[in-house]
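Q: Features from TrEMBL:
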COILED    204-231  coiled coil
COMPBIAS  1-11  compositional bias 'Basic and acidic residues'
DOMAIN    92-127  domain 'EF-hand'
DOMAIN    128-163  domain 'EF-hand'
REGION    1-38  region 'Disordered'
Amino acid sequence: MASDELARELQPRLAADPAPLFNPSTPEEIPVKASDPVPGPQKKAVVVIANDDTSELTAKLTRRLCINNGNAAPKQAKVFNPYTEFKEFSRKQIKDMENIFKRFDSGKDGFIDLMELKMMMEKLGAPQTHLGLKNMIKEVDEDFDGKLSYREFLLIFRRAAAGELLEESGLMALARLSEIDVSTEGVMGARAFFEAKVQALKVGSKFEAEIREEQEERKRQELDRKRRQAAFKELQSAFCS
């Protein structure tokens, strides 16, 4: 039959190229296409151990990373009014401290950085080591930016008046000497001046009294102006009549 004849013709071909048997114990090979992505090398976790010198930088970078990832909100800048926040100082004292701050802010950026603080302490006659300067900034650096803002500068005097600074600390020396010419008064004169200043601050705030006095002075000036205007009108009407 035709089917028997076809079988005899295919038999030699099957014997020459036998089909591979399926073996469930061996994994099946999947052909890889040229367009398929090539898997990259496995990434290994890297553990970084931060020492004391890099811990501050690590904290800053970690917070910045959290802000960028949306896990932490950036600090909102607050409007700073020294007269309302530092009521223990008089308006004149705050003005004097502002002038001192601006005098040593050689970069005119609203901050006293490490080098400016170094020059300031040398000018005041109380030079500090590099580590001492860093510790001075760190003690009042509330935003961890490594420099002193005007508000942080005022905090030095607040903590000094409250007795929260060590006697031999750099910040205490800054608070004592910043408003005294050491070349003429000497360190002992600066000490006596600062102690008298602290005693005056403890008596109470003079801020409200100064504000009321300024308001009364403006009222008196306004009243005098109205009186002069009335006198001028009377004189003018007398000449016209």
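Easy rule for this one: first residue shown is 1, then count along the chain.
Every residue, even glycine, has its Cβ placed from backbone N, Cα and C.
Any TrEMBL annotation is an automated prediction that lacks curation.
Given the structure is predicted, the values throughout are model-derived calculations rather than measurements.
Let's see these features in context: how buried, what's close, how far.
A: Averaged over the coiled coil (204-231), the predicted model reaches a pLDDT of 79.
Below 8 angstroms of C-beta separation, residues 82-83, 86, 133-134, 136-137, 145-150, 153-154, 157, 170, 173-174, 177-179, 182-183, 187 of the same chain, each at least six residues beyond the ends of the domain 'EF-hand' (92-127), sit close to that stretch.
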